[in-house]
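Right, one structure below, let's go through it.
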Amino acid sequence: MKAQSLPNKYLIVVVGPTAVGKTDLCIYIAQYFKTEIISADSRQYYQCMRIGTAQPTIAQRQEVRHHFIDCFPINTFYSAGKFGKESLDLINDLFNKHQYLLLTGGSGLYIQAVCEGLDEMPEISLEIRGYFNNKYKKEGLSALVKELSIQDPDYYKIVDLNNPQRVIRALEVCMATGKPYSQFRLQKKEEHVRPFKMIKIGLNLDRNLLYQRIDQRVDQMMEQGLLEEVRALYPYRDCNALQTVGYQELFGYLDKRYTLEEAISLIKRNTRRYAKRQLTWFTRQTDIKWFSPNELEAIIGYIHAFTGDIGIS
């Protein structure tokens, strides 16, 4: 059954790599259109990860209402599919009082879950699931990443290679079907058509400038108390939510595998690599209009041109 059509309702989707400036831009747009922001960041959902995931500050969340921020306990499993369903329910509800809504994040799969939907994946047997979980425990993530590069090189180029859940999921599908996981992801179905219109905006910067901003953000996070945040989460270090850049490296420091200087350097390097994979994901999409984050007037003008609106006084 198709969803009821929502004419003249627009979901403004703002994507881009980490540290590019999505939060500040979305707050500006949300204030301009007097609307709300839905986060599609797969780590900002979790409580107790405020610094390491660069959650919007309390002051920013008081300026503009944000959804799916700081709302789940650290040990909660929250998938892209579940997010897609729950966020669509929220979007349909919020469109009762807003003409425009914002969806933003750097997690491509979560953005896709809302904008396009995710195709049903094959059932995975307990034997296959157990095989890869045991391999992960015995050989570590690097062995799984190497296998993924062979089994599905296309997905290898865009997935967060520091996230064992996503790497294992892809390998499970490869083994269960004999086909690359990316082949299932790229399928499109008619029932995924959304009843509202989408305006997709991408943010990017010169690569060197982006990397400088990443390094500066990491330094700022350390000054804000990232190490103390990670130390408090150490008992939960095996939770999926914490298998991510910034936390894994500092867990390594706490385990005395790295010096603090080495851990910080690794966070910067791995964040730059993650940003590159984010850009690879998003630049493959032809319906995204790209801007620099400081092109505020041009972005607002593009939204008005898309909707045929002459502007808001």
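Just so you know, glycine gets a Cβ as well, placed from its N, Cα and C.
The ATP binding site feature in Swiss-Prot is assigned to G16, P17, T18, A19, V20, G21, K22, T23. Non-local contacts of V20 (ATP binding site) by the CB criterion (under 8 A, 6+ apart in sequence, same chain) comprise L203, N204, L205, L210, R213, A275, P293.
Look at Swiss-Prot and you will find T18, A19, V20, G21, K22, T23 tagged as substrate binding site, backed by sequence analysis. Under the DSSP three-state reduction, V20 (ATP binding site) is assigned to coil, being neither helix nor strand.
With a threshold of 8 Å between CB atoms, the same-chain residues lying at least 6 positions outside the region 'Interaction with substrate tRNA' (41-44) that come near it are 52-55, 68-70, 78, 80, 83, 104-107, 109-110, 241, 244. The annotation region 'Interaction with substrate tRNA' is assigned in Swiss-Prot to 41-44 (among others).
The annotation region 'Interaction with substrate tRNA' is assigned in Swiss-Prot to 165-169 (among others). Here the region 'Interaction with substrate tRNA' (165-169) has Cβ contacts under 8 Å with residues 109, 132-133, 136, 141, 144-145, 148, 159, 181, 240, 243 of the same chain, all six or more residues outside its ends.
Here the Cβ of S107 (site 'Interaction with substrate tRNA') has 22 other Cβ atoms within 10 Å, regardless of which shown protein chain they belong to. As annotated by Swiss-Prot, site 'Interaction with substrate tRNA' applies to S107 (among others).
Classification of R129 (site 'Interaction with substrate tRNA') by DSSP places it within a helix. Under 8 Å, Cβ to Cβ, and six or more positions away along its own chain, R129 (site 'Interaction with substrate tRNA') finds E172. Positions annotated as site 'Interaction with substrate tRNA' by Swiss-Prot: R129 (among others).
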T18 (ATP binding site) and S107 (site 'Interaction with substrate tRNA'), compared by Cα position, are separated in whole Å by 10
Taking all protein chains shown into account, the Cβ-based neighbour count within 10 Å for G16 (ATP binding site) is 26
Near ATP: residues not in G16, P17, T18, A19, V20, G21, K22, T23 with Cβ within 8 Å of the site Cβ centroid are G106, L203, P293
The binding-site residues listed are P17, A19, K22; by CA-CA distance, the one closest to S107 (site 'Interaction with substrate tRNA') is P17
